[in-house]
Amino acid sequence: MTDLGTRPGRALRRATPALLGYAAVRALGLLTLALWSAARDKSAYTLLTARWDALWYTRVAELGYGYEVRLPNGDVHSNLAFFPLLPWLERLLSALTPLSYADAGFVVSLLASLAAAWGVFAVTDHVYGGRAGVCAVLLWAVLPVGIVQSMAYSESLFTALAAWSLYAVLTGRWVTAGLLASLAGLTRPVGLAVVAAVWATGAAAFLRERRDRHETTTTAGDQAGRETTTVVGAREQSEAATAACEQEPGEIATVAREQGLGEAATVACERDRSEAATADCEQEPGQAATAAYQRGQGEAASVACERDRSRPEGPSSGRNRSAAHAGGARAVGHAPETGTASLSGRAPDAEGARTPSHSPGVGKSGGTRVRRALGMALAPLGTAAYVLWVGHRTGKGPLGYLDVQAGWRNGFDGGYAFARFVGDKFTSFPSALAGAGLIVGVALIIWLYVICVRQGQPLPLLVYAGVVTALALCASSYFGSKPRLLMPAFPLLLPLALALARARTRRSAAVVAAVAVASALYGAFWLNGSGPP
């Protein structure tokens, strides 16, 4: 299987219920927005395609970078703050079709939202199963700010790239993960979250492999040491058994007991002597006595040989001799078990005593390590390329992009500005309710993340959701946009998806339907308000 090896047809069929549910929820939101906007004499389509960030992306597609607006207070809003992938796609689709840039942005957003829903399902299905995957997609669709998924904004495109990059990490497709992470880095600044997920998971995999190799080497060394000790012990027993067999026949049993060899050694010695005597008797008559005397078996052995020769050979004697030879063959051919002595004087072979030249699977995983390293190298290229290009364009070096964001009063202050914003809400009673609601909302987000950790979500999901959440809550950006900035953090929804999946279908459907109606109404109200989403 290649790094891109998938079965899209089968995967799409499996995700169809989730995608149909997602489309239904989003259709409800768009219908509600159209009715609400018509009642207020506004164009819902203009709200979706030509207001706020959507208008800035369209200008990048049409005019390129360099457009800026200078405000009376001295702030400079430059379109360099907007990453290029969505405008590139708008320009490409407009060149291939009669669509305007705004229309192309709307189409890209709709298609990207479906791809994002599919990616959310794929990740959740891989981790928790199909039922939880459907619930996760529906929960992502009914978010209070879910209407943004249908706007010509970059959130849907970014979530699609992020979700599929995370899925590639979970399934070991590292090059794909790196490429998608790089594209996500060309979509939004929060692409750093995808890069962090790829890097953290890759680094953890390398450390785990290093630890496993160390444990394998240690285990192999211990095994080799134990088997070497066994071989030495077997050799010592073998030498003792050989010495016992060299004694006089009447002394064999005594010596064997003193050496701790037992009765088996005595029987083996007698068998060896019997086989040797049989071999002597097969010599010429004059040589049999000489061989017997050389082995120390004396005249009795020679007389026995002569007596056997004088007897007529019959079936019985033939069977006995054949049995003797067969028994000898078995005695020689049968290897003793590890840890037992061989009476032939040879130490038993210690199988497995040699240390393998490589740990199991190392050769096969070499390609995986290369692909993982390549994916990790590819992941940050998108973000790095655009940030460095902006720095070169502004003449302010690698930190030039931060100056561009500062013109929009965006930055990262650890949440200080947001905390002050919430605290200021408590200066009067009506606004204090909003402040309390913000505190409850932040507490809910933190609680969901803690549940994700306790449920043992995979590392890439935890890292990704953590970085997205931190960047959203700790940035000094426009505070009304924070719910939208949190929308790509879909792993935070998985604990709720699991709870819905465990409930009865009728109850889960009722909950989702009620929340979908509330989300549609809120989205219509939100977009028809005065501030940008």
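Cβ atoms here come from the backbone N, Cα and C positions, even for glycine.
Here is what TrEMBL records for this protein:
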- 20-39: transmembrane segment (TRANSMEM)
- 101-122: transmembrane segment (TRANSMEM)
- 128-148: transmembrane segment (TRANSMEM)
- 160-184: transmembrane segment (TRANSMEM)
- 190-207: transmembrane segment (TRANSMEM)
- 211-230: region 'Disordered' (REGION)
- 277-367: region 'Disordered' (REGION)
- 316-335: compositional bias 'Low complexity' (COMPBIAS)
- 373-392: transmembrane segment (TRANSMEM)
- 432-452: transmembrane segment (TRANSMEM)
- 459-479: transmembrane segment (TRANSMEM)
- 485-501: transmembrane segment (TRANSMEM)
- 508-527: transmembrane segment (TRANSMEM)
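Between the transmembrane segment (432-452) and the stretches 20-39, 101-122, 190-207, 459-479, 485-501, Cβ pairs under 8 Å are most numerous for 485-501. For the transmembrane segment (20-39), the neighbouring stretch richest in Cβ pairs under 8 Å, chosen from 128-148, 373-392, 459-479, 508-527, is 508-527. The list of residues near the transmembrane segment (508-527) in space but at least 6 beyond its ends in sequence, with Cβ under 8 angstroms from a Cβ of it, reads 21, 25, 28-29, 31-33, 35-37, 44, 47-48, 135, 138-139, 141-147, 500-501, 533.
With respect to Cβ pairs under 8 Å, the transmembrane segment (459-479) is most closely packed against 190-207, considering the stretches 160-184, 190-207, 373-392. Through the fold, the transmembrane segment (160-184) approaches residues 3-5, 85, 112-113, 115-116, 118-120, 122-123, 126-127, 191, 193-195, 197-198, 201-202, 368, 371-372, 374-383, 458, 460-461, 464, 488, 490 of its own chain, all at least 6 residues removed from its boundaries and within a Cβ separation under 8 Å. Sequence-distant contacts of the transmembrane segment (190-207) (same chain, six or more residues past either end, CB-CB distance under 8 Å): 83, 158, 161-162, 165-166, 169, 174, 177-178, 180-181, 184, 369, 372-373, 375-376, 379-380, 382-383, 458-461, 463-464, 467-468, 471-472, 485, 488. Remote same-chain residues near the transmembrane segment (128-148) are listed as 14-15, 17-19, 21-22, 25-26, 29-30, 33, 116-117, 120-122, 155-156, 483-484, 487, 490, 493-494, 496-498, 500-501, 508, 512, 515-516, 518-520, 522-524, 526-527, 533 (criterion: CB distance under 8 Å, separation of at least six residues from the stretch ends).
Same-chain residues lying 6 or more positions outside the transmembrane segment (373-392) and placing a CB less than 8 Å from one of its CB atoms are 80, 83-85, 174-179, 181-187, 189, 191-192, 194-195, 198-199, 202-203, 398-401, 404.
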